[in-house]
Amino acid sequence: MSDFINGFWSNYIAVFTTAAIAGCALLLWITARKKVPARSDNTTGHVWDEDLTEMNNPLPLWWVGLFVLTIVFGIGYLFLYPGFGDYPGSLKWSTRGEYTAEVTTANKELEPLYAQFTAKAPEELAGDPAAMAVGERLFMNNCAQCHGSDARGGKGFPNLTDNDWLHGGTPDKINETITKGRIGMMPPMAAAVGSADDVKNVANYVLSLSGAPHDSVRAQLGKPKFVACAACHGADGKGNQAIGAPNLTDDIWLHGYGEQAVIAMVNNGKTNQMPAQEEKLTTAQIHVLTSYVWGLSHGRPQASAKQ
Ligand code: HEC
Ligand code: HEC
(Lines of atoms letter the chains of each structure in order from A and count residues from 1; the text may use other names and numbers.)
(Lines give C-alpha, C1' and ligand atoms only; values in the text may rest on other atoms or scores of the structure.)
(Ligands and ions follow the chains in the order given, each with its own letter.)
Protein backbone atom coordinates (compact mmCIF):
# COMPACT_ATOMS: atom_id res chain seq x y z
CA MET A 1 0.00 0.00 0.00
CA SER A 2 3.06 2.22 0.18
CA ASP A 3 2.26 3.49 -3.32
CA PHE A 4 -0.53 5.65 -1.91
CA ILE A 5 0.21 9.04 -0.44
CA ASN A 6 -2.42 8.80 2.32
CA GLY A 7 -4.63 6.22 4.04
CA PHE A 8 -7.83 6.97 2.14
CA TRP A 9 -7.92 3.90 -0.10
CA SER A 10 -6.76 1.67 2.72
CA ASN A 11 -9.68 2.83 4.89
CA TYR A 12 -12.05 2.62 1.94
CA ILE A 13 -11.17 -1.03 1.39
CA ALA A 14 -11.28 -1.82 5.12
CA VAL A 15 -14.75 -0.28 5.49
CA PHE A 16 -16.14 -2.12 2.48
CA THR A 17 -14.62 -5.43 3.55
CA THR A 18 -16.12 -5.07 7.03
CA ALA A 19 -19.48 -4.04 5.58
CA ALA A 20 -19.54 -7.00 3.19
CA ILE A 21 -18.73 -9.56 5.91
CA ALA A 22 -21.15 -7.98 8.39
CA GLY A 23 -23.79 -7.87 5.64
CA CYS A 24 -23.45 -11.61 5.00
CA ALA A 25 -23.71 -12.39 8.70
CA LEU A 26 -26.73 -10.13 9.06
CA LEU A 27 -28.47 -11.76 6.11
CA LEU A 28 -27.89 -15.16 7.64
CA TRP A 29 -29.19 -14.04 11.00
CA ILE A 30 -32.31 -12.37 9.58
CA THR A 31 -33.29 -15.32 7.40
CA ALA A 32 -32.77 -17.66 10.36
CA ARG A 33 -35.10 -15.57 12.55
CA LYS A 34 -37.85 -14.86 10.11
CA LYS A 35 -40.56 -17.47 10.39
CA VAL A 36 -43.04 -17.76 7.58
CA PRO A 37 -46.30 -19.07 9.07
CA ALA A 38 -46.82 -22.47 7.54
CA ARG A 39 -50.16 -23.97 6.69
CA SER A 40 -51.23 -27.37 7.75
CA ASP A 41 -49.79 -29.00 4.59
CA ASN A 42 -46.36 -27.28 5.27
CA THR A 43 -46.53 -24.96 2.26
CA THR A 44 -46.28 -21.17 2.26
CA GLY A 45 -49.58 -20.75 0.49
CA HIS A 46 -48.01 -19.34 -2.72
CA VAL A 47 -49.28 -21.02 -5.88
CA TRP A 48 -47.82 -20.56 -9.38
CA ASP A 49 -48.93 -22.00 -12.67
CA GLU A 50 -52.12 -23.31 -11.09
CA ASP A 51 -50.58 -26.05 -8.98
CA LEU A 52 -46.95 -25.18 -8.20
CA THR A 53 -46.64 -24.61 -4.44
CA GLU A 54 -43.67 -23.75 -2.23
CA MET A 55 -42.69 -25.93 0.71
CA ASN A 56 -41.80 -24.20 3.94
CA ASN A 57 -38.69 -26.20 4.92
CA PRO A 58 -35.83 -24.64 6.90
CA LEU A 59 -32.48 -24.13 5.13
CA PRO A 60 -30.43 -27.35 5.23
CA LEU A 61 -28.03 -27.26 8.17
CA TRP A 62 -24.98 -28.13 6.05
CA TRP A 63 -25.74 -25.15 3.82
CA VAL A 64 -26.02 -22.75 6.75
CA GLY A 65 -22.87 -24.34 8.20
CA LEU A 66 -20.93 -23.66 4.98
CA PHE A 67 -22.15 -20.10 4.94
CA VAL A 68 -20.99 -19.56 8.53
CA LEU A 69 -17.69 -21.23 7.65
CA THR A 70 -17.02 -18.82 4.76
CA ILE A 71 -17.51 -15.90 7.13
CA VAL A 72 -15.18 -17.41 9.73
CA PHE A 73 -12.66 -18.26 7.00
CA GLY A 74 -12.84 -14.72 5.60
CA ILE A 75 -12.14 -13.17 8.99
CA GLY A 76 -9.34 -15.66 9.68
CA TYR A 77 -7.78 -15.04 6.27
CA LEU A 78 -7.85 -11.27 6.69
CA PHE A 79 -6.23 -11.69 10.10
CA LEU A 80 -3.36 -13.82 8.74
CA TYR A 81 -2.78 -12.38 5.26
CA PRO A 82 -2.74 -8.90 3.71
CA GLY A 83 -6.14 -7.83 2.39
CA PHE A 84 -7.73 -5.68 5.07
CA GLY A 85 -6.71 -2.19 3.92
CA ASP A 86 -3.00 -1.78 4.53
CA TYR A 87 -2.91 -4.17 7.50
CA PRO A 88 -0.08 -6.56 6.49
CA GLY A 89 -1.55 -9.64 8.18
CA SER A 90 -0.09 -11.39 11.22
CA LEU A 91 2.01 -13.77 9.08
CA LYS A 92 3.64 -10.76 7.36
CA TRP A 93 3.47 -12.63 4.06
CA SER A 94 3.94 -10.63 0.84
CA THR A 95 4.56 -11.47 -2.80
CA ARG A 96 7.69 -9.34 -2.66
CA GLY A 97 8.95 -11.22 0.41
CA GLU A 98 8.25 -14.56 -1.25
CA TYR A 99 10.09 -13.45 -4.39
CA THR A 100 13.12 -12.26 -2.40
CA ALA A 101 13.18 -15.54 -0.48
CA GLU A 102 13.07 -17.53 -3.74
CA VAL A 103 15.87 -15.47 -5.28
CA THR A 104 17.98 -15.91 -2.14
CA THR A 105 17.43 -19.68 -2.18
CA ALA A 106 18.24 -19.92 -5.88
CA ASN A 107 21.39 -17.84 -5.44
CA LYS A 108 22.47 -20.10 -2.57
CA GLU A 109 21.96 -23.21 -4.70
CA LEU A 110 23.98 -21.66 -7.51
CA GLU A 111 26.83 -20.63 -5.23
CA PRO A 112 29.01 -23.72 -5.93
CA LEU A 113 28.57 -23.23 -9.68
CA TYR A 114 29.49 -19.55 -9.49
CA ALA A 115 32.41 -20.32 -7.16
CA GLN A 116 34.12 -22.11 -10.08
CA PHE A 117 33.53 -19.03 -12.23
CA THR A 118 34.71 -16.39 -9.77
CA ALA A 119 37.91 -18.36 -9.26
CA LYS A 120 38.91 -17.50 -12.83
CA ALA A 121 39.96 -14.14 -14.26
CA PRO A 122 37.53 -12.67 -16.83
CA GLU A 123 40.00 -13.18 -19.70
CA GLU A 124 40.18 -16.89 -18.87
CA LEU A 125 36.47 -17.27 -18.09
CA ALA A 126 35.62 -15.82 -21.51
CA GLY A 127 36.99 -19.04 -23.00
CA ASP A 128 34.88 -21.31 -20.76
CA PRO A 129 31.79 -22.41 -22.72
CA ALA A 130 29.77 -23.35 -19.61
CA ALA A 131 30.34 -19.93 -18.06
CA MET A 132 29.59 -18.17 -21.33
CA ALA A 133 26.31 -20.06 -21.71
CA VAL A 134 25.34 -18.70 -18.28
CA GLY A 135 26.64 -15.26 -19.29
CA GLU A 136 24.57 -15.30 -22.45
CA ARG A 137 21.41 -16.12 -20.50
CA LEU A 138 22.12 -13.38 -17.98
CA PHE A 139 22.69 -10.98 -20.85
CA MET A 140 19.43 -11.95 -22.56
CA ASN A 141 17.47 -11.45 -19.35
CA ASN A 142 19.07 -8.25 -18.11
CA CYS A 143 20.83 -6.42 -20.91
CA ALA A 144 19.37 -7.38 -24.29
CA GLN A 145 16.36 -5.06 -23.98
CA CYS A 146 18.75 -2.12 -24.34
CA HIS A 147 21.88 -3.49 -26.01
CA GLY A 148 20.10 -5.93 -28.33
CA SER A 149 20.24 -9.73 -28.21
CA ASP A 150 23.37 -9.65 -30.38
CA ALA A 151 24.83 -6.92 -28.08
CA ARG A 152 25.30 -4.64 -31.07
CA GLY A 153 23.22 -1.89 -29.48
CA GLY A 154 21.34 0.77 -31.38
CA LYS A 155 20.89 4.52 -31.40
CA GLY A 156 21.82 5.74 -27.91
CA PHE A 157 22.75 2.24 -26.74
CA PRO A 158 26.39 1.33 -27.32
CA ASN A 159 27.52 -1.63 -29.35
CA LEU A 160 29.38 -3.94 -26.95
CA THR A 161 30.93 -6.16 -29.62
CA ASP A 162 33.36 -3.62 -31.08
CA ASN A 163 36.49 -2.23 -29.55
CA ASP A 164 35.21 1.29 -29.18
CA TRP A 165 34.52 2.11 -25.52
CA LEU A 166 32.90 5.12 -23.94
CA HIS A 167 33.98 4.18 -20.43
CA GLY A 168 36.79 1.70 -21.01
CA GLY A 169 37.00 -1.87 -22.24
CA THR A 170 39.27 -3.54 -19.69
CA PRO A 171 37.54 -6.17 -17.53
CA ASP A 172 37.85 -3.84 -14.52
CA LYS A 173 36.17 -0.96 -16.31
CA ILE A 174 33.42 -3.18 -17.72
CA ASN A 175 32.79 -4.59 -14.25
CA GLU A 176 32.61 -1.07 -12.84
CA THR A 177 30.18 -0.03 -15.58
CA ILE A 178 27.85 -2.95 -14.89
CA THR A 179 28.05 -2.70 -11.10
CA LYS A 180 27.71 1.04 -10.61
CA GLY A 181 26.09 2.09 -13.88
CA ARG A 182 27.27 5.09 -15.92
CA ILE A 183 25.96 8.47 -16.88
CA GLY A 184 27.20 10.06 -20.08
CA MET A 185 26.47 13.77 -19.88
CA MET A 186 27.08 16.34 -22.55
CA PRO A 187 25.61 19.79 -21.80
CA PRO A 188 24.03 21.90 -24.56
CA MET A 189 27.03 23.70 -26.07
CA ALA A 190 25.51 26.08 -28.62
CA ALA A 191 25.95 29.14 -26.37
CA ALA A 192 29.66 28.37 -25.91
CA VAL A 193 30.18 27.87 -29.63
CA GLY A 194 28.37 30.97 -30.90
CA SER A 195 25.87 31.52 -33.72
CA ALA A 196 23.95 28.82 -35.59
CA ASP A 197 26.51 29.23 -38.35
CA ASP A 198 29.36 28.59 -35.90
CA VAL A 199 27.60 25.45 -34.73
CA LYS A 200 27.32 24.26 -38.32
CA ASN A 201 31.01 24.99 -38.85
CA VAL A 202 32.13 23.09 -35.76
CA ALA A 203 29.88 20.19 -36.79
CA ASN A 204 31.68 20.07 -40.12
CA TYR A 205 35.00 20.13 -38.31
CA VAL A 206 33.82 17.16 -36.20
CA LEU A 207 32.83 15.28 -39.36
CA SER A 208 36.24 16.01 -40.90
CA LEU A 209 37.93 14.27 -37.93
CA SER A 210 36.63 10.88 -39.03
CA GLY A 211 36.89 11.61 -42.73
CA ALA A 212 33.11 11.72 -43.09
CA PRO A 213 31.67 13.84 -45.92
CA HIS A 214 31.90 17.50 -44.88
CA ASP A 215 32.29 21.04 -46.15
CA SER A 216 36.04 21.72 -45.84
CA VAL A 217 35.68 25.52 -45.76
CA ARG A 218 33.23 25.26 -42.88
CA ALA A 219 35.46 22.71 -41.17
CA GLN A 220 38.38 25.16 -41.30
CA LEU A 221 36.18 27.90 -39.83
CA GLY A 222 34.86 25.52 -37.18
CA LYS A 223 38.24 24.26 -36.03
CA PRO A 224 38.94 27.15 -33.57
CA LYS A 225 35.49 26.65 -32.06
CA PHE A 226 36.41 23.11 -31.09
CA VAL A 227 38.23 24.46 -28.01
CA ALA A 228 34.81 24.47 -26.36
CA CYS A 229 34.67 20.71 -26.93
CA ALA A 230 38.28 19.85 -26.23
CA ALA A 231 37.84 19.87 -22.44
CA CYS A 232 35.85 16.66 -22.75
CA HIS A 233 36.56 15.20 -26.18
CA GLY A 234 40.27 16.06 -26.07
CA ALA A 235 42.12 18.53 -28.28
CA ASP A 236 42.52 15.79 -30.90
CA GLY A 237 38.84 14.74 -30.54
CA LYS A 238 39.77 11.23 -29.44
CA GLY A 239 37.55 11.40 -26.39
CA ASN A 240 38.06 10.75 -22.71
CA GLN A 241 36.96 7.51 -21.11
CA ALA A 242 37.15 8.96 -17.59
CA ILE A 243 34.01 10.99 -18.30
CA GLY A 244 32.55 8.84 -21.07
CA ALA A 245 33.19 11.41 -23.82
CA PRO A 246 33.24 9.50 -27.11
CA ASN A 247 36.02 9.42 -29.65
CA LEU A 248 34.87 11.69 -32.49
CA THR A 249 37.59 10.63 -34.90
CA ASP A 250 36.30 7.11 -35.57
CA ASP A 251 33.37 6.08 -37.68
CA ILE A 252 31.20 5.00 -34.76
CA TRP A 253 28.23 7.19 -33.92
CA LEU A 254 26.14 6.54 -30.85
CA HIS A 255 23.65 9.30 -31.51
CA GLY A 256 23.46 9.33 -35.26
CA TYR A 257 25.69 10.15 -38.17
CA GLY A 258 25.92 13.28 -40.28
CA GLU A 259 25.79 17.04 -39.98
CA GLN A 260 22.25 17.21 -38.57
CA ALA A 261 23.01 14.67 -35.83
CA VAL A 262 26.15 16.52 -34.71
CA ILE A 263 24.37 19.89 -34.78
CA ALA A 264 21.58 18.39 -32.65
CA MET A 265 24.16 17.11 -30.15
CA VAL A 266 25.78 20.55 -29.86
CA ASN A 267 22.43 22.35 -29.53
CA ASN A 268 20.66 19.97 -27.17
CA GLY A 269 23.40 18.04 -25.41
CA LYS A 270 22.56 14.57 -24.15
CA THR A 271 22.25 12.67 -20.91
CA ASN A 272 22.52 8.94 -21.39
CA GLN A 273 22.37 6.40 -18.60
CA MET A 274 23.45 2.84 -18.08
CA PRO A 275 21.53 1.62 -14.99
CA ALA A 276 23.56 0.18 -12.08
CA GLN A 277 23.06 -3.57 -11.66
CA GLU A 278 24.46 -4.07 -8.15
CA GLU A 279 20.99 -4.20 -6.56
CA LYS A 280 19.74 -6.69 -9.11
CA LEU A 281 22.64 -9.06 -9.70
CA THR A 282 25.15 -10.74 -7.40
CA THR A 283 28.85 -9.90 -7.70
CA ALA A 284 29.39 -13.41 -9.10
CA GLN A 285 26.77 -12.84 -11.81
CA ILE A 286 28.38 -9.50 -12.66
CA HIS A 287 31.75 -11.27 -12.88
CA VAL A 288 30.33 -13.72 -15.43
CA LEU A 289 28.66 -10.89 -17.37
CA THR A 290 31.92 -8.93 -17.38
CA SER A 291 33.68 -11.91 -18.94
CA TYR A 292 30.85 -12.36 -21.43
CA VAL A 293 30.91 -8.71 -22.51
CA TRP A 294 34.72 -8.60 -22.62
CA GLY A 295 34.69 -11.77 -24.72
CA LEU A 296 32.29 -10.28 -27.27
CA SER A 297 35.01 -7.98 -28.58
CA HIS A 298 37.90 -10.38 -27.99
CA GLY A 299 36.91 -13.30 -30.19
CA ARG A 300 35.96 -15.74 -27.45
CA PRO A 301 34.51 -19.09 -28.55
CA GLN A 302 30.83 -18.43 -29.19
CA ALA A 303 28.79 -20.01 -26.40
CA SER A 304 25.63 -20.04 -28.48
CA ALA A 305 27.28 -22.18 -31.13
CA LYS A 306 27.85 -24.92 -28.56
CA GLN A 307 24.31 -25.05 -27.21
C1 HEC B 1 17.94 0.52 -19.64
C2 HEC B 1 18.88 0.25 -20.69
C3 HEC B 1 20.12 -0.53 -20.35
C4 HEC B 1 20.24 -1.77 -19.75
C5 HEC B 1 19.14 -2.64 -19.21
C6 HEC B 1 21.62 -2.08 -19.76
N7 HEC B 1 22.35 -1.08 -20.33
FE8 HEC B 1 24.35 -1.04 -20.58
N9 HEC B 1 24.22 0.85 -21.26
C10 HEC B 1 23.06 1.55 -21.51
C11 HEC B 1 23.37 2.86 -22.00
C12 HEC B 1 22.38 3.93 -22.41
C13 HEC B 1 24.78 2.95 -22.03
C14 HEC B 1 25.61 4.13 -22.49
C15 HEC B 1 25.89 5.06 -21.35
C16 HEC B 1 26.57 6.30 -21.84
O17 HEC B 1 26.17 6.82 -22.89
O18 HEC B 1 27.54 6.72 -21.20
C19 HEC B 1 25.28 1.66 -21.57
C20 HEC B 1 26.63 1.35 -21.47
C21 HEC B 1 27.13 0.08 -21.18
C22 HEC B 1 28.51 -0.29 -21.19
C23 HEC B 1 29.67 0.64 -21.49
C24 HEC B 1 29.96 0.66 -22.95
C25 HEC B 1 31.14 1.52 -23.27
O26 HEC B 1 31.31 1.80 -24.45
O27 HEC B 1 31.90 1.87 -22.36
C28 HEC B 1 28.58 -1.62 -20.87
C29 HEC B 1 29.82 -2.46 -20.76
C30 HEC B 1 27.23 -2.07 -20.65
N31 HEC B 1 26.37 -1.02 -20.85
C32 HEC B 1 26.89 -3.36 -20.32
C33 HEC B 1 25.61 -3.72 -19.91
C34 HEC B 1 25.28 -5.00 -19.37
C35 HEC B 1 26.25 -6.17 -19.18
C36 HEC B 1 23.97 -4.97 -19.05
C37 HEC B 1 23.13 -6.06 -18.40
C38 HEC B 1 23.48 -6.39 -17.05
C39 HEC B 1 23.45 -3.67 -19.42
N40 HEC B 1 24.48 -2.94 -19.95
C41 HEC B 1 22.15 -3.27 -19.27
C42 HEC B 1 21.79 1.08 -21.31
C43 HEC B 1 21.46 -0.11 -20.70
C1 HEC C 1 31.25 18.40 -20.56
C2 HEC C 1 31.83 17.48 -21.49
C3 HEC C 1 31.50 17.65 -22.96
C4 HEC C 1 31.66 18.77 -23.73
C5 HEC C 1 32.15 20.14 -23.32
C6 HEC C 1 31.27 18.39 -25.08
N7 HEC C 1 30.89 17.09 -25.10
FE8 HEC C 1 30.22 16.08 -26.73
N9 HEC C 1 29.82 14.49 -25.55
C10 HEC C 1 30.14 14.38 -24.20
C11 HEC C 1 29.68 13.11 -23.71
C12 HEC C 1 29.83 12.59 -22.29
C13 HEC C 1 29.07 12.46 -24.80
C14 HEC C 1 28.43 11.08 -24.80
C15 HEC C 1 27.01 11.17 -24.37
C16 HEC C 1 26.48 9.81 -24.12
O17 HEC C 1 27.00 9.12 -23.24
O18 HEC C 1 25.56 9.42 -24.82
C19 HEC C 1 29.20 13.34 -25.94
C20 HEC C 1 28.75 13.03 -27.22
C21 HEC C 1 29.01 13.81 -28.34
C22 HEC C 1 28.67 13.46 -29.69
C23 HEC C 1 27.98 12.18 -30.12
C24 HEC C 1 29.00 11.16 -30.54
C25 HEC C 1 28.38 9.90 -31.07
O26 HEC C 1 29.08 8.88 -31.08
O27 HEC C 1 27.22 9.92 -31.50
C28 HEC C 1 29.07 14.46 -30.49
C29 HEC C 1 28.96 14.52 -32.01
C30 HEC C 1 29.65 15.45 -29.65
N31 HEC C 1 29.60 15.04 -28.34
C32 HEC C 1 30.19 16.65 -30.10
C33 HEC C 1 30.59 17.66 -29.27
C34 HEC C 1 30.98 18.95 -29.74
C35 HEC C 1 31.04 19.37 -31.18
C36 HEC C 1 31.28 19.68 -28.63
C37 HEC C 1 31.72 21.12 -28.57
C38 HEC C 1 30.85 22.08 -29.18
C39 HEC C 1 31.09 18.83 -27.47
N40 HEC C 1 30.67 17.62 -27.90
C41 HEC C 1 31.30 19.23 -26.16
C42 HEC C 1 30.74 15.32 -23.42
C43 HEC C 1 31.02 16.61 -23.83
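Count begins at 1; order follows the chain as displayed.
Quick reminder: no glycine exception, Cβ is built from N, Cα and C everywhere.
Together with C229, C232, H233, TrEMBL lists one candidate of M140, M186 for binding heme c 2, that being M186. Comparing Cβ neighbour counts within 10 Å across the binding-site residues C143, C146, M186, C232, M274, the minimum falls on C146. The residues of the domain 'Cytochrome c' (130-210), classed with DSSP into helix (H, G, I), strand (E, B) and coil, number 45 helix, 7 strand, 29 coil. Mapped onto three states, the DSSP output places M274 (heme c 1 binding site) in strand. Within 8 Å of the Cβ centroid of the heme c 2 site, not counting the listed residues M186, C229, C232, H233, the chain contributes M189, A230, A231, A245, L248. Nearest by CA distance to H233 (heme c 2 binding site), out of the binding-site residues C143, C146, H147, M274, is M274. Highlighted here are the binding-site residues (C143, H147, M186, C232) whose C-beta falls below 6 Å from ligand 2: M186, C232, in sequence order. The two recorded residues, H147 (heme c 1 binding site) and C232 (heme c 2 binding site), show a Cα separation of 25 Å.
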